[in-house]
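Let me begin by presenting the structure, written as structure tokens, before commenting on it.
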Amino acid sequence: MALNLKGKSFLKLLDFSPREIRYLLDLSRDLKRAKYAGNEVQTMQGKNVVLLFQKNSTRTRCAFEVATLDQGAHVTYLGPSGSQFGKKESVADTAKVLGRMYDAIEFRGYEQSVVEDLAKYSGVPVYNGLTNEFHPTQILADFLTVEEYKGNLKGLKFVFAGDTRNNVATSLMVGCAKMGMHFVGAAPKELWPSEDLVNQSKEIAKETNATISFVEDMKQACSDADVIYTDVWVSMGEPAEVWESRINLLKPFQVNMDAIKVAKPDVIFMHCLPSFHDLNTEVGRQIYEKFGIPEMEVTNEVFESKHSVVFE
């Protein structure tokens, strides 16, 4: 059966079949190759795309702006202080206005329900650049990188170490289930995802020969891993008491060379960034002053090692 994703929003990986995800990965690969070869064809000339951000960003904003411009479209950025979105104007009203001016909307914010409503009311495709619940565009980029280094996805052991409730971890879990990988979450039980989402992922995994598991032992999780992934343990804006309890819970799940040594010799290390792997950031220094740890979710040794592909 022919595959046609024209006009479809990209809100979460649960909405897409393995075949559709495969198509998006292949398209991403082809566009990347064409750009490097200097023969990219601009298929979006005359189109207009708006980036609607409730949260500031470096990589997400730059990636969408560059990709949109590379494809010949015009782009408008509306940051946290650049619109009345959610303050003086409802999500539905904003969606209807933007849908009449733009051909697509990219959203980065808080509630998943907001990006779902943008898609419901705008009448144009909406792309999720991060919500509290999911970060599907990040996972497309990650899986493309994994394929570039490993040759394929199916059958790989993919470990996420840290707070497995966060949007990247949950999206990776769903993505691994869809694409036939063996996802292992390394975290204390208090920081495992919702049982409902885990069960949904396990049902998907039955169809793709994937597996979904969670363990509270870092060495066990990373044994023979093909990919080890982590993310920050705390976010700015969270109260200090959350920082302390979270750091104490996750200290045993730091990605260090002990974790790398029990993985496969060609294991790759991944991180969605930013990372607190040294004292060269304001947050990193604050954490060191308060908790006495110079490195948080990953050691600088691993971050700068031959296994690290965080900038790819």
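Heads up, the Cβ atoms here are built off N, Cα and C, so glycines get one too.
Straight from Swiss-Prot, the features:
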| type | residues | note |
| --- | --- | --- |
| BINDING | S57, T58, R59, T60, Q84, R108, H135, P136, T137, Q138, C272, L273 | carbamoyl phosphate binding site |
| BINDING | N167, D231, S235, M236 | L-ornithine binding site |
Winner by Cβ contact number (other Cβ atoms within 10 Å) across the binding-site residues R59, H135: H135
Listed binding-site residues among S57, R59, Q84, H135, T137, C272 whose Cα sits within 10 Å of N167 (L-ornithine binding site): H135
Other C-beta atoms that fall within 10 angstroms of the C-beta of D231 (L-ornithine binding site): 25
Proximal residue to S235 (L-ornithine binding site) among binding-site residues Q84, H135, T137, C272 (C-alpha distance): C272
Cα-proximity to D231 (L-ornithine binding site), 10 Å cut-off, over binding-site residues S57, Q84, H135, T137, C272: C272
Residues S57, T58, R59, T60, Q84, R108, H135, P136, T137, Q138, C272, L273 [recorded carbamoyl phosphate binders]: greatest CA to CA distance in Å: 29
Local backbone state of N167 (L-ornithine binding site), from DSSP in three classes: helix
Cβ-Cβ distance under 8 Å to T137 (carbamoyl phosphate binding site), same chain, at least six residues away: F10, T60, A63, Y127, N128, G129, L130
D231 (L-ornithine binding site): secondary structure state under DSSP, collapsed to three categories: coil
